[in-house]
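What follows is a single structure, written as structure tokens, with notes after it.
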């Protein structure tokens, strides 16, 4: 896989292209790119035909180990993960922890990390991990790493996370280049180090000259919905420092449930890839996204919570200028009713709208970067956030 | 406009009558759709069908779906439904709808329901207050919902109840029908079906039909069956009822939807069916196939690379393998959706085959072949052999 980017100044919003995907050579992706979150191979609440209706484009999917690891023994009988879950037309990125689930801390051993499946804790060392990667054959994946750090982590924990991740990286890298099925897949290194600048620097020094596609800036949060509460100002210095040290021609990924305002700031610093955990989490909270709409009367709102009783007789769509199947066909009153009576269609309709809204958001971001109007766009969207923060 | 308002809300045309059995195929023309019969109506209790979009239901070939008056009357309630302009608009479903009367739910869900001449008395499951569902109130809610076909409130009794109570229920059902017909405010767009009662007693059933036939209605429901009686009693009651109901009106057999029942009862002259079974069983991880159902939770499917049914053309069978479905079943909501898609497709395909074989005047042969496929060792249940013999089909 190949990433090309017009390198401008460090720490500025940038456009790039991901291409030469070995399994799907006709596809290419512009960055800033949105990866579509999946769990157990499903886009939550959406079966494949509904997802195809939502997005005719072949989105880049994201899968993680906690919900998929135990499938490996069955996937072995198939060509790869994507075929097993019947999403073979879509490229796949495999990551370690599930960005939508709060990762349980602790249970550390020097040669492995813990992944929590539905059946409990699983210990993963680099060999076991690479065996799974060889079965899954993702189009892009990250070396096994220890990202169990956040704002509150001790220096000792951060050092351990870096040492383990470096050690794992060497082992995974070696298996990567020796594997015929993997050597042409996109391989990424983790950048760990919590909120500690020296630690980040140490990790980057180790990783920066490796022959890889790019980096995941990891170890800033422990996944789950709480990530949306992280203010950009808290992480700005860490990200800025890291991006300044990283080579400009490599891909930079940041996973997790970042709120859209933080995403805009991160794009502004030159982060290339994000995932759709946020619209999924909003769906679980019965919220419909409005933040990127700039043409309707709800201009100042980030979202509406459709479980509120005031929507019971509101016979207008979530957003009049939205072109998704939910807004074209259904009203807030209907979705409110479905939430009240706990019908599964509520989540289906919210997910269609929220994921569509987020895909459109990324499209708009790319257009504004291309047109040189990104700062104005960013300010306009972020004004909706500053009002409430 | 005037033409539209005066448009007759209901016509039933039989295109082909099977010359050997009582099966017939045709179509029911209602305001929202022309429904081909015999038809299976999936149940969308609260204004949605187990997570499927109305668009998916259309793609699956659903022509008419059922809503439950008891549930819809509680939430969203008639006020919201009136404001929305009815359930069709509220849920964006453009084809036909049928609603039940709410009486059945009342008796089956609420153990404390008490039936008087006035109506069904019950305590609200929400606040415990005393409520009364009268025939008038049922029709009022159904008028707000606005389904093309609506049901009278009937006095529901268990099919195994003692005769005096069955008799009382049968006569009361007729009296309640008259109250429903008077209360009905939208006869131009909605048709009330009365419900034949009389339990398992041929004399009471006959009397029920005789009384209902004297009222001006567009079709009839056969009630009080499929509630635990023996299959032998069940088919005899259906057979008797279709014999005496007017031939030119559709017959709706309530609560029946298992494949072999649909094949047999169509031969006995039934035109419409509903059942929660296909969507409910999907929720528990089961997929319908000709010989019964697959419980995809079972570990034997963990390594099964085949689709649910190789002969099925639904998007689920064209997309997913059993091994993967086994991994997500009852864990991901998507698994429930894809199994519901398959199960509805299964019912729709069966009904289409049934209609086609009647049209092509080969229904008896179709029934013989179908039963042989389901029972390849010819260990046919006795009631099926007897029921089909009654309409001149001898199984192979």
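Each position is counted from 1, following the chain as shown.
Glycine too: its Cβ is placed from the backbone N, Cα and C atoms.
No curator has checked TrEMBL annotations; they are predicted automatically.
Copied from TrEMBL, the annotated features are:
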DOMAIN    A:12-385  domain 'tRNA-guanine(15) transglycosylase-like'
BINDING   A:322, A:324, A:327, A:353  Zn(2+) binding site
Which residues of the same chain, at least 6 positions away in sequence, have a Cβ lying under 8 Å from the Cβ of residue A:324 (Zn(2+) binding site)?
A:54, A:352, A:353, A:356, A:357
Relative to the Cβ of residue A:327 (Zn(2+) binding site), which residues of the same chain, six or more apart in sequence, are found under 8 Å away?
A:317, A:318, A:319, A:320, A:353
Mean pLDDT across the domain 'tRNA-guanine(15) transglycosylase-like' (A:12-385), rounded to an integer, is what?
96
Which residues, in sequence order, are found in the same chain with Cβ within 8 Å of the centroid defined by the Cβ atoms of A:322, A:324, A:327, A:353 at the Zn(2+) site, excluding those residues themselves?
A:317, A:318, A:319, A:323, A:325, A:326, A:328, A:352, A:356, A:357
Under 8 Å Cβ to Cβ from residue A:322 (Zn(2+) binding site), same chain, six or more residues apart: give me those in sequence order, or none if nothing qualifies.
A:293, A:353, A:356, A:357
